[in-house]
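Have a look at the structure below before the remarks.
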Amino acid sequence: MEIDAEYDSGSDVDSKRRAKGKNKPKPAARGKKAKADSVEESEEEEEEAPRKRKGRKKKEESEEESEEEQKGRRKKAAGSKKRAVKKDDSEEESEEEKGNKRKGGKKGASRKEKEEENNKEKKGNGKAAGKGGKDKQDDKDKKKNKGKNSSGSSSDDNSEDESMSEGEMARLKEEVEEKKKLIVTLRNKPWRMKRRLKCLKEAQAFVEKFEGALGKGKGRRLYAFKVMMTKVLMGMPYGSIARKTVPRDEQDSAMDFSVLFEFGVICYCLIWIKLLTFLQGYCKYSIMFYGYYNNQRSIGLLQFRLPLSYLLVGVGIFGYSLMVVIRTMARNANEGGDGAEEGAFTFSWKLFTSWDYLIGNPETADNKFASTTTSFKESIVDEQENLKDENIHLRRFLRVIANILILCCLGGSGYLIYYVVKRSQEFAKKDRNELTWLQKNEVEIVMSLLGLVCPPLFEVISELEEYHPRIALKWQLARIFALFLGNLYTFLFALFDEVNAKLDNEKEIKNETIWALKEYYDNYTLHHNVTENIPPPNISPADVIRGPCWETEVGIEFVKLTVSDIQVTYLTILIGDFLRAVIVRFLNYCWCWDLEAGFPSYGEFDISGNVLGLIFNQGMIWMGAFYAPGLVGINVLRLLSSMYYQCWAVMSCNVPHERVFKASRSNNFYMGLLLLVLFLSLMPVIYSIMTLPPSFDCGPFSGKDQMYDVIMETIEKDLPPFMADIFSYASNPGLIMPAVLLMVLAIYYLNAVSKAYQNSNMDLKRKMQMQRDEEKNRRNNKDSTNQVMKDLEDLLPNKSLIPPPSAEETEKPADQLSKSPKVTGKPGAAATGKGVNVKKDVSLAAANPRAPVTRPPGPRPPGPLPGIARGPLPGQGMGRGRGGPPPRR
Amino acid sequence: MGSRASSLLREEDIEEIKKETGFSHSQITRLYSRFHSLDKGENGALSREDFQRIPELAINPLGDRIINAFFPEGTNKKYTAREDQVNFRGFMRTLAHFRPVEDNEKNKDLTSGEPLNSRTNKLHFAFQLYDLDRDDKISRDELLQVLRMMVGVNISDEQLGSIADRTIQEADTNGDMCISFSEFTKVLEKVDVEQKMSIRFLH
């Protein structure tokens, strides 16, 4: 029942294509069809002149058809003609491609030759295969092939010999022109839409690629722009100031990474180890980290204010993320709730509405199939859970034990991390060369391992609790969440300890630097006897004394964490899923028990766990991005690669999770978690920005007492003075307090309004429901099922429309006969409310006696009220049987 | 496209179809070309095989049922060319169930009988997908068959049976252990059938 609006677009294109492709074999309407085709095309593209093409195409098509007619006949006999044709096409194409590839080898051949050869070969192929279908493709087709061919070969050329000769340049230019022409004229080609699109894409890509190199069009401008932007944004290149230079004693270790890289990828692990040291060595002074950026107020012609923008971007990211998450949540909240309230007709709904009738792709169909099955399984398990008999006391006891166990786990892991971080600080005091690799990266390894080991442990423990699977899943998620969060925060606190230590250390170094500088000046005056215009000390930037730069250290910690996280995830997939799947699959042939169904089985894909992992990964990025801007880039790479990697892993070596429950029907569950994580990761960053003093000699805020001083500075120096006044007033507590109050009031007001809207929504819904019910009643049983109304009408004194007693007497027998079933039938119908059996009521309505009114409506006859008078009449003692009620509607 | 289709389609036919189904002239011609492209037998009528070639129907577990819906029970000469073939009139008549309800149609009083795309008719179309023997009741067996189509062999017969029982239990109000059309309507009462069972045909 989930038929949506988009269907037509697909089917329409489809139909067009098919109409074009498939109907050709029909001889009778050929001419007309050609015409129709052209009309079709003009519908697709408005700009062309159909008249011109028509004649040409008619000719082409009639040629084509005569051949394709035979082909078509044969195919039809074979059964699935369509498929056959498609296969045909693809076969031919692959053959063409083969030809092209072969052609690519002989590079010396000129394009003309290639083209001819290609055509020959294609024709040969076609005839040899006895198809003869496509070889009469027109010139343009060949041009396309040629284009493809030449684009392939020329790009080869390009990559192989860097310097293009004059002739090649000219040729390339010509080709680009040709491609452009092709793009323009593509509309007029009598090809199928699919092929046209493909061709267009190829041509566009080609033009895009070579136009820039040839120094024409927008490609060149873009390139120049890129270069300029890098210059403007990055300030001076590497080596120009101290913080952008690797210190002397670290240079050796920094460079051997690249040597290793040259040497080649020997072993995965080695590279990762090297990468981690690389972080310590080379990257530390690169664009990736806080320390790279310097405190020059403005850079370049554009007066780019790096420190200011650094701060604003850092804080703005949080604002933007917050906005995005909340907006997504709000949008999600609007969706859903399309159907009935939960639980009304679960099974019927599943049965009648689960298939999406728009699915046209077999793979999607398989997925939908699986998800339908899952949802059915879910409801079966639900049912079973409901039926389960239980021993409450035992279960409660077990649950308490399980929770204690899990708390122990959480506490233990927190302590472990704290311990390890403390230890690593001790290690950090020692000489780096003495430490083993393990000692250097202990923290990250321990954290990753905890993240790896604890969740399965929790799962085992939660077996004790015997919760309903859905609840159990929520508990499990909550516990993993607590674990990750606890770990992250312990890590952070330990880090803050370290930062404080570094700050103390820094003071010393600062004094030292000042001392050294003073000494230098003193010496200079002593030796040269000048007190003014002393040149600055001539020290290579690599030898300058420098502070620890805690910001970069924090950034490095986060990058290390992220990298080791990537490492662990990838290795887990490789070993835990892939290797396991390989073993299970191939050892199964010679094993004593069924490996696939039995113990090891295949890895399961745990959706909720993976989503949670993603969320935490994001949290880490949020936290670290301020101190290591390069982290964002790493993360983008990671997400991109892991998407394909995990997709491959899931498709090739995982089975669906055994536990069939989804954590939540709406996406807002995870979005809520994301929001929480965002908030939690925002706090430490903002705290550190607001309270900790930046290092004196590194980063964009060096030399300032606080990071936000940059803003003050900008306000003072760059904005007109009245703006500074405005800001100083605005930051007055006397103004801030009312502003906060106002905001609180606004929140309160909006909350109240939203509640009111909700109420009125509910009211309207109820009203609609009532209206629908009423309408249905009116439609289904014309006479009325509404007891109350009927009774009320009975009480009405105005019964003047009732026929006189004489008429009543005559119709009574028939009346009784037809009435009695109705009277008995009625209570049932009334009890079931809306669910009235249509058939019965319709038949009753038809049998309803409508006595002819023999007398015009006049004044009420004398005597007692008819209603009362009729009361004691035999056969109408049931109370509601009235003689010939006036037709109400 | 229009010129070809209309050339094969007589004007009076189009008028008649227009009256019956409510499609516009251009929609009819457009759909005619679609009909024609589906028609591999070139005889102006669609067989079941023609329908099965549509990928959306081929992979739909209920595809056969939908195809069945194109073949009305009583072989009315107007809609079916011969046994197991449906002509353009029949094709259009079935498609008319999916025509969206337009705003101006809602207000129009239904003097000329209920249009094919009314809520009831849409629902009835859906109902027929499940009602195999066309006795206006969905029995437990019919439900089981549908379930089997939808979940394959992944769930045991016993469990499927219990699902079918539960479904009937939920929907059945008069205790005959079958789902009648009115009960079916009631189950899907909250679904916006008018919108969901509509396809936006191009004008």
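Cβ atoms are placed via backbone N, Cα and C, with glycine included.
Curation plays no part in TrEMBL annotations; they are all automatic predictions.
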- Query: Can you say which of A:223-241, A:565-583 is given as transmembrane segment in TrEMBL?
  - Reply: A:223-241
- Can you name the far-off residues of the same chain, 6+ from the ends of the transmembrane segment (A:477-496), with a Cβ under 8 Å from a Cβ of it? 406, 409-410, 413-414, 417-418, 421-422, 425, 443, 447, 450-451, 454-455, 458, 462, 554, 557, 561, 608-609, 612, 616, 619-620, 623, 663, 673, 677, 680-681, 684, 688
- Query: With pairs closer than 6 in sequence left out, are the transmembrane segment (A:304-326) and the transmembrane segment (A:669-690) joined by 3 or more CB pairs under 8 Å?
  - Reply: yes
- Top Cβ-contact partner of the transmembrane segment (A:620-640) among A:304-326, A:397-421, A:735-757 (pairs under 8 Å): A:304-326
- Message: Let me spell it out: take the transmembrane segment (A:397-421), skip the flanking residues so only those 6+ beyond its ends count, and list any with a Cβ under 8 Å from a Cβ in it.
- Response: 442-443, 446-447, 450, 454, 457-458, 461-462, 464-466, 479, 482-483, 486-487, 490-491, 493-495, 498
- Mind checking how the domain 'TMC' (A:549-664) divides into helix, strand and coil residues in DSSP? 83 helix, 6 strand, 27 coil
